[in-house]
Amino acid sequence: MFAPLLKKLFGSKNEREVKRMLKTVQIVNAFEEQMVALSDEQLRAKTEEFKARIAKGETLDQLLPEAFAVAREAGKRVMGMRHFDVQLIGGMTLHEGQIAEMRTGEGKTLVGTLAVYLNALSGKGVHVVTVNDYLARRDANWMRPLYEFLGLTVGIVTPFQPPEEKRAAYAADITYGTNNEYGFDYLRDNMAFSMDDKFQRELNFAVIDEVDSILIDEARTPLIISGQAEDSSKLYTEINRLIPKLEQHIEEVEGEVTKPGHFTVDEKTRQVELNEAGHQFIEEMLTEVGLLAEGESLYSAHNLGLLTHVYAGLRAHKLFNRNVEYIVQDGQVLLVDEHTGRTMPGRRLSEGLHQAIEAKENLNIQAESQTLASTTFQNYFRLYNKLSGMTGTADTEAFEFHQIYTLAVMVIPPNKPLARKDFNDLVYLTAEEKYAAIVTDIKACLAENRPVLVGTATIETSEHMSRLLNNEGIEHKVLNAKFHEKEAEIIAQAGRPGALTIATNMAGRGTDILLGGNWEVEVANLEDPTPEQIAQIKADWQKRHQQVIEAGGLHVIASERHESRRIDNQLRGRAGRQGDTGSSRFYLSLEDSLMRIFASDRVKNFMKALGMQSGEAIEHRMVTNAIEKAQRKVEGRNFDIRKQLLEFDDVANEQRKVIYHMRNSLLAAENIGDTIADFREEVLNSLVSQHIPPQSLPEQWNVAGLEAALNTDFAVKMPIQQWLDEDDNLHEDSLREKIMAQLLVAYNEKEDQASAEALRSFEKQILLRVVDDLWKDHLSTMDHLRHGIHLRGYAQKNPKQEYKRESFTLFQELLDSIKRDTIRVLSHVQVRREDPEEEEARLRREAEELASRMQFEHAPAPGLDQPLADEEGGEVPVAVVSEPIRNDQKLGRNELCWCGSGKKFKHCHGQIN
C-alpha cells in the first residue's frame, strides 16, 4: 500500500545505488586533470605504485577512484575512447560483484576494462568470460594495447591449445576465454597426475559478458569429460526400425479420444510417455526381433537399459525435428542452440539420445560415452571469490540471479535517451498470413531505403522467410549462425541503407549494428589503406549514416515470440543503440509454438468475438499482455526446473569438492606414507570387526573367513587359527596387533625390493588412479539414483531428502572403497626399481593415451525426461542428465555379484584387480 509512496519519496533501490555511485564518479572526475598532466611513462608507473600500496594494506575500494581515472586516461591515449560517467558506474557495479545491465551500444566491453584493471592489481588474476572463441580473441586483442600500456599481461585460453601456452595464459594478469573452456580446464585440472600439469590458479574474480546467456540459458547444461564406452550401434538401428510402428495417442481438450495410440506427447514439458497399450505393443515387437526374451517384461531390472533405448528413440522421432533442434551437416548431427540459433559442433545429447537421432537420420552411429568428470556452470562459477557480469537484458531474470548466485542486478542509465519506437504485436490467425504481412512490412521499409533485420526463432523459419523473399525478388542475406567471424562481418554491415538481413535469435552476437554500416570493417578489409582512402570511407559512411537516420533508423521485425522475454528484448535492442532512431515489431500467429501451447485459447476467443477475417490482424494491449503472461509462466517454470536441478546437483557438488580437495592434497604432498598407513589400519580394523564382532565369544568368530579376507585384500596368508590354538591369551585387540605387525613386515619387504622413494611415488600414483576410477563409477551411480528418485514421491517420501540420504551412504561407501582398493592394489602388486626418467616417460604416455580417449561434451539436458516429485509429493518436471545406459548387463556396485557368492558386486568381482 505504502510502497508506491515510499518509492516516490526515496526513489527505487536502483536509483539510490546510482546516486551513491555518482558521488564516487565525481571523485574520479576530480583526478582527471591530474592524470592528463602525466607523461605515458608516469601514467604506466601508476600500476606499480598501486601494487605497492596494496602490498602495504590499502584496499581495492580505496584505490578505485584513482585507478579508474588512470584506466580512463589510458583509454583516451591508446584507443581514443573516454569512459562516460555512466560507464564508470558500470565499472563500479562490476567491481562490487554485481550484474550491470547496459543497453546495446553503451560500450560494455570498455566498461569491463575498469573493473578488470582494478582487480588485476591484486596479482591474483582476472578471468573475462565470453560466449564463444571468436569474441574471446576479438575482445582480448581489442583491449590488449590498453592493458599492456598499463603494464599488465593478457592471455587467451582456447581449445586444443598447447599446455605451456595455456598455462602462460592462466598465469597472465588478465585471461580471456569461453565459459566452456574455463569449465573444462577446471575439470582437467582435477584429473591431473601432477601439480605441474594443472592450468588454473585460485579462482579469484570473473567478469562474464552476456551473463544471462551463460548463467541462465546454459545453467541446465552440464560440462562433461567422458571416455568411450561399449558400442551398441546395432541396438539403436533395431530400435529405430520399430519406433515408426508406434502410433501417437491424441485426445481432445474435453478428454474424448480422437486417435487411440501407444504413447502421448506433452509439448509443454517435452516428454513422451508410453501407455499400457504401448508397453504391450513394444514388448511384442522387441520379442519378435529377439531383443527381449519370451515372457520377459521391459521393466525387469536387467532390461531397463533396453527401455531407455526405446524412450531415446521415441524422443528422437517425436521431440527432435531436423532444422529446428538440430541440422545434419557432413554426415553429423549438429545441435542448434535454442537461444542463439547457432549450431554447436562437438556437443552431444546424453542418455543415448544423440545416437538415436543419428539412427533416425541413417547416419553413422558414434559410440556412447562414460562420464569421467562433470560439473555445471551454476556450481563452477560459484567457486570464484567474486563474480560479476554484463548484459543488455538481465532485469527480467533479477530474481533468479539473486536466488541462485546471490548476484544483484544494477540497471545502468543510458548515456543518451532511448529513441526507438516499439510497436504493439500484430497477431494473425495463421502463419501464412503472418509471413505475408512481414513481407509487406519489409517492402515498405526498403522503399524508404531503411535497413531491416528479421529475427527468427529457428533455422527452418529463416529459410522459409528466405524462400518467400526470393519469390518476390528481394535481395537479402541469411545468417544461420555457422561461422562467428563471417556472422560478425554481415551483422556489422546490416545497418546500411536498404540492407535486409534475416537471422536466427540475436542473443550473444557481440557485434553492434551501426547505422550506415561499419566503416572500420571496410578499412580493415583494405591492404595498407592510405589516409585519403580512410577519409573517403569515413565521408561515404557519414552520408549513409545520415540517410538511414532520416529514413527512421533500423527496423527490427520478429517472426515470433521466444519463450523468454529476455531473448525478445535482446532482438529489440539491436535497434536504437546510443540514442539512434529505430523501431521494432513482433508478428505472431495462433500457429506459433508459444501461442499454441500457452496462450492461444484466450486470444483465439477474443479474435472470434471480434469477428476477424482471414488476413486481418489484431493489435491490442490485451493480446500483448496475454503473451507476456504466457512468457512469464514459461520463465517461472524454467526457473523452477533450474532451481530443482541445482538442489540435486548441490549434493553431488559437495562430494565433488571433497574428492577434488583430496586429489589436490595428494598432488601437493611429497610423501603419502602416513596416509597409506592410516588406510591399512582402517581396512584391517574393518575386516577384523566384520569377522570378529566386538564383545563376541570366540565360538562366534569367523576365523576362516578372516584368513580368506586377509589373503584377498592384503595378499598375505596368516595361520590365525593356529595362532589361537597355540596362544590362549590372544584376544581381539592383541590379534589385531599381531596381524598388523605381519602386514608391515610384508610391506617393508616391498620397500626393500624397490626403494622408499620409488614406493612413495608409486603409492601416490595408485591412490590417484583408484580415486579417479571409483569417482567415475560413483558419478554413474549418482546419475542413476537421481534418474529414478522421483518414484519415491509415490511412497509419500520426499525425493530430495531420500536422494541426500542415499547419496551420503553411497559417498561413505566410496571413501571406504578408495581405502580398501588402494591397499589391495599396493598389497598385490610386484614392485621393481624403475629409472626416474623411464617412470616419467611411462606416466606421460599413459596421460596422453587417456587424453586422446577423452571427449568434451557440453550437451544440453535431454529435455524434461523424468518428473521429480516436489516437497508435497506432486510432480515437477526436471531435466535429468545421466550416463547413457549401454546394452551390456552392467551390475550396480550394490547389487549381488553375478558369481553367486552372495556378496555385493563391489565387494567381489567389481573390485579393482
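Here the Cβ of each residue, glycine as well, is placed from N, Cα and C on the backbone.
Copied from Swiss-Prot, the annotated features are:
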| type | residues | note |
| --- | --- | --- |
| BINDING | Gln87, Gly105, Glu106, Gly107, Lys108, Thr109, Asp512 | ATP binding site |
| BINDING | Cys897, Cys899, Cys908, His909 | Zn(2+) binding site |
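All chains included, 18 other C-beta atoms sit within 10 angstroms of the C-beta of Gly107 (ATP binding site). Sparsest Cβ environment among the binding-site residues Gln87, Thr109 (other Cβ atoms counted within 10 Å): Thr109. Cβ atoms within 8 Å of the centroid of the Cβ atoms of Gln87, Gly105, Glu106, Gly107, Lys108, Thr109, Asp512 (the ATP site) belong to the same-chain residues Met102, Thr104, Leu110, Val111, site residues excluded. Here the Cβ of Gly105 (ATP binding site) has 20 other Cβ atoms within 10 Å, regardless of which shown protein chain they belong to. By neighbour count, meaning other C-beta atoms within 10 Å, the densest spot among the binding-site residues Glu106, Asp512 is Glu106. In this view, Lys108 (ATP binding site) is surrounded by 25 other Cβ atoms within 10 Å of its Cβ, with every protein chain counted. DSSP gives Thr109 (ATP binding site) a helix state.
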